[in-house]
Amino acid sequence: MAKLITASLKHLKDKRVNNALLNAVALSGAVLWSWFFHDDSISIPILLGIIAAALSESDGGFLQRLKSQTFTLLCFTFASLSVELLFHMKWAFIVCLLISTFGLTMLGALGDRYANIAFGSLMIAIYTMLGASDSASLWSQPTAMTGGAIWYFIVSMIWHLFSPLRSVKHSLAEVFVNLSKYLSIKSSLFFPSADTNVEHLIVLESKRNTEIVSSLNDCKRGFLSRSKRGYNTLFSIYFIAQDIHERISSSHYKYHELAKEFVHHDVMFRFKYLVDAQAKACLDIAESIKCGKQYVHGQRFRNALLELKASLDDLQNNHTKSRTAALKHLHFLFRNLASIEKQLSNIHSPTKQIERPLLADDQAFGLKEATKKVTTHITKGSALFRHAVRLSVALTAGFSIIQISDMQQGYWILLTTLFVCQPNYGATRKKLVSRITGTFVGILTGVPLLILFPSPESQLAIVVVSGIAFFAFRQTQYGIATCFITILVLFCFHQSGQGFDIILPRVTDTLIGSFLAVLVVTFILPDWQSKNLNTLIADAINANQMYLVQIIKQYRTGRVDSLSYRVTRRKAHEMDAALSIAMSNMALEPAKHRSDEANYQFLVLNHLLLSYISTLGAHRKKIEHKSTTLEIDEISECIFQQISQLQTLFRSKKDSIEIRTKSIVLNELWPNNSEREDDNVRIIYYQLSLINQTLVEFYDLFVKKSDSDRQPI
């Protein structure tokens, strides 16, 4: 019994379960109101208001939530009231729909919080259209929907007060879950086999890196939206996670070559075992953060480290001269893993506390800054601007179709378009399949349920369960979420005697709305990833250069996790993530718009470049010898010039034949006495040489691709 209670409490700490309970309370309150007062006329708009409020809510502290919710309610009221006022003036309504959709979408330039509010406001506007023709008065729908939103926000605020740091804990736990996934892939590189597909593993690493970057940014936003009281330990763990991220992103050698070199020795298996163990430790840390428990780093991790050290010592005592260089890199790798081990063992007792001002807040702005942020996106080159134009045209076209064909339930077209139309073709395609499949399955499931559960009480219960399931699956399984929201809609409208009447319109509207979404992303300012890939690669290379510049500085000044250092490091990882996302989206685009295999190799090379730079960052410390510092500065300056040259190649329209004459090789600059340097300096020289080799590969691949593109078909 005790185990059952413990397991139940553990599940309550889960983010999805917690959110499901919150939505259960909010939806149950609305349904109970309708049942108790026998007032079905406002039950649907109240439920729709709750759904829109839940979808528009963002994380934050009490005051931040209060400000956001107040602004959201103002937007909801304005959107709903505007529809009621203009609904019967068709031309004026079309113009306002076009302008307001564009304006609200452009609010996304201010950050995710405002993007969510804008999305919720558009939902409220479309929900109001659904009942505008039958509305009892000008204020009935706006009042009911805003009332539903107010009720949800009240429940949400009370929920937040019981555990104000719950969402921060969940975000931080997610960081460690993603670190664990990355480490699991990393460990595969140590498997001593000639058949290991290294390029495939690097692509997987890049995808996992995208998830880490996203979760770190979510976590940072959670800290920034709260006062600094009460989360010093969590804040310090967040910085430890960043350090671990830098260390696990690093590559000290071409690991597949190490695996081949020591294929008959147990050392690579021990490296793999330790990395796998650290991946498991990250999962345990995530669980302890969610549950609010102290993490205890087990003795088995220490034993794994000691056994690896013993294996390395055995190699050191019995190695041949040909293995000297490779063995040194194993020691560098061991030192890095030992540092990660130390961080993991001290996760709940960090050696230093970091004050909040060291976080870069890129979402703090006044009215003047907000206006500037929005206006800078009003250009064809902005993905947000293109999305705003496409969505505005799609919704306006959908409304026009409804008016021309005189469709009674046609406003589901607009709702489908709003959900399906995404900033790029790949994301739209994924939503399209999920939306259509979910709608059909929802109807096939909902119709028998309507027959099996004819009583109002049972149907209201199904409404609540469907609403909870929708929110539980919304971010992970959108098709399943669509299925449940379809069931909710069927049962809601059945309460007003329209349940079976909306089945065919719901299917038809879903197909038309989905078609409109695909149409606009395909033909209106299309965002084909292959067209922007060169610019994206150049931006990623530039971010890597800025990261390397910060590291080289610290060889003169000493290791400091300064704000400027962390900002450039984050930017480098964000650009690597952006490149990975672009490649994933490109794979979903029509064949004629997909690029060739060479561009996927650019992704691999960029991630390798970032990993070699991360190694320098993980081992950075002040170099005492001035002559060595000058040598490193000279080599670094040459590398910076070559990186700048690569950026120019990707951004310019020059013929590649002109570029062939430019050298990328730095062999003349490598010091002849590097073997006599200490280990800290030797690893710098080696990583810089790996960076140079990667730049050469970048250059060669660019030239090869340019020559291929010029070949006649």
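Every residue, even glycine, has its Cβ placed from backbone N, Cα and C.
What you are looking at is a predicted structure, and each value in this text was computed from that prediction instead of being measured.
As recorded in TrEMBL, the features of this protein are as follows:
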- 20-36: transmembrane segment (TRANSMEM)
- 42-58: transmembrane segment (TRANSMEM)
- 70-86: transmembrane segment (TRANSMEM)
- 71-344: domain 'Integral membrane protein YccS N-terminal' (DOMAIN)
- 92-110: transmembrane segment (TRANSMEM)
- 117-138: transmembrane segment (TRANSMEM)
- 144-162: transmembrane segment (TRANSMEM)
- 400-520: domain 'Integral membrane bound transporter' (DOMAIN)
- 432-452: transmembrane segment (TRANSMEM)
- 478-497: transmembrane segment (TRANSMEM)
- 503-525: transmembrane segment (TRANSMEM)
(Q) Counting CB pairs under 8 Å, which listed stretch among 144-162, 432-452, 503-525 touches the transmembrane segment (42-58) the most? (A) 144-162
Q. Which range out of 20-36, 144-162, 432-452 gives the transmembrane segment (70-86) the most CB pairs under 8 Å?
A. 144-162
Q) Taking the transmembrane segment (20-36) as reference, which of 117-138, 144-162, 432-452 has the most Cβ pairs under 8 angstroms? A) 144-162
Q: For the domain 'Integral membrane bound transporter' (400-520), jot down how many residues DSSP puts in helix, in strand and in coil.
A: 100 helix, 0 strand, 21 coil
Q: For the transmembrane segment (478-497), find every same-chain residue at least 6 residues outside the stretch whose CB is under 8 Å from a CB in it, and list them.
A: 34, 40-41, 43-44, 47, 51, 430-431, 433-435, 437-439, 441-443, 445-447, 449-450, 456, 459-460, 462-463, 466-467, 469-472, 503, 506
**Q.** Beyond the flanks of the transmembrane segment (144-162) by at least 6 residues, Cβ under 8 Å
**A.** 22, 25-26, 29-30, 42, 45-50, 52-54, 57, 62, 65-66, 69, 72-73, 76-77, 80, 124, 127-128
